[in-house]
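A.B. asks: Dropping the structure in here first, questions after.
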Amino acid sequence: MHSQQNSCCRLEFPKRNGVVVSTQHHRREGATMLSPALACCKLYISEARNAPALRAIERAAAGLRPAAVLVNAFADDAYNRVGYTLVSPLAGAGGDSAPPPLHRAAFGVVAAALEAVDFGVHAGAHPRLGVVDHIAFHPLAGAHLDDVAALTRAVAADIGDKLQVPTYLYGAAHKDGRTLASIRRQLGYFMPNSPGEQWRGAPDSSSLPVAPDAGPATPSRSKGVVAIGATAWVDNYNVPVHTPDVAAAKRIARAVSERGGGLRSVQAMGLAHGEGVTEVACNLLDPARVGAEQVQERVQQLAAEQGLAVGEGYFTDFSQERIVELYMQSAEAEASQQ
């Protein structure tokens, strides 16, 4: 991601080893501020190195401010991936028939990303399904998962029909509650297609092993496909491992994950992450039960068994409480200017 962050809605984040990192990495702080029926949308875009593309995407993210606010941006150069977090009330003001602001903001970001990024030339150390790899909707203050799921299905339908991208639902948005991990496995998400544990370009095959929930049955090489779902809050927490041996990081990831007999509600991948470093990248599906401290401790133990050292892990987004607070601060600032 470009280091100059001049847009009014971008937050200023420090860098570590060329990677923009959010200030909440080490300790999360901030009092809870209640707000009725807020939801957030996290969009993960397969690009972090093309500054003009990122500026175009971020202009789209700012297009509905103050109704929808960009509260976090997290770019990782090694993964060539950026995550954006948008927050908005679930319902639009005035009760009109237009889609709610979060729907329109998310759709705008996706449309801008598809225009600015070519999936066929993308390369990075993180798996991905398309230009817009993953969209996650989460209820925040005063919102219910069922309402967020309905919003998610509406956004997915628009992406599939209007932007012509094969779209896969998961979580509460899917009729059977399919998990994100399961659809990713079916689509071959976790298998690198380039030397050095890298993912490069679009898949060779134009056919999809699973029919999408919306959009065309055949993906465009320039767009790929997108997974979009609604779930309760998920923390993303990554732990650096000081070794270039991706196989070692994969062994640790497997052992720390619930799928491998490790910590409940934890999913993990072992990935290359820059020169001489790997990373155990984790999704904490129930962070109130199993949080970052437990993951950090377990990764450290498993790494020590292989004679490896680890770095301090970091979150890629703010806590729910901080996200609500940032949105409320923005709303209050806008109101005071009127």
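Yeah, the Cβs are placed from backbone N, Cα and C, and that goes for glycine too.
From TrEMBL, here are the annotated features:
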type: DOMAIN; residues: 37-232; note: domain 'Formiminotransferase N-terminal subdomain'
type: REGION; residues: 194-222; note: region 'Disordered'
type: DOMAIN; residues: 237-327; note: domain 'Formiminotransferase C-terminal subdomain'
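Explain the structural surroundings of these features, please.
C.D. replies: Remote same-chain residues near the region 'Disordered' (194-222) are listed as 118-128, 130-131, 156-157, 159-161, 163-169, 174, 183, 186-188, 246, 271-272 (criterion: CB distance under 8 Å, separation of at least six residues from the stretch ends).
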A.B. asks: Summarise the region 'Disordered' (194-222) by DSSP state, stating how many residues are helix, strand and coil.
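C.D. replies: Across the region 'Disordered' (194-222), the residues distribute as 0 helix, 6 strand, 23 coil.
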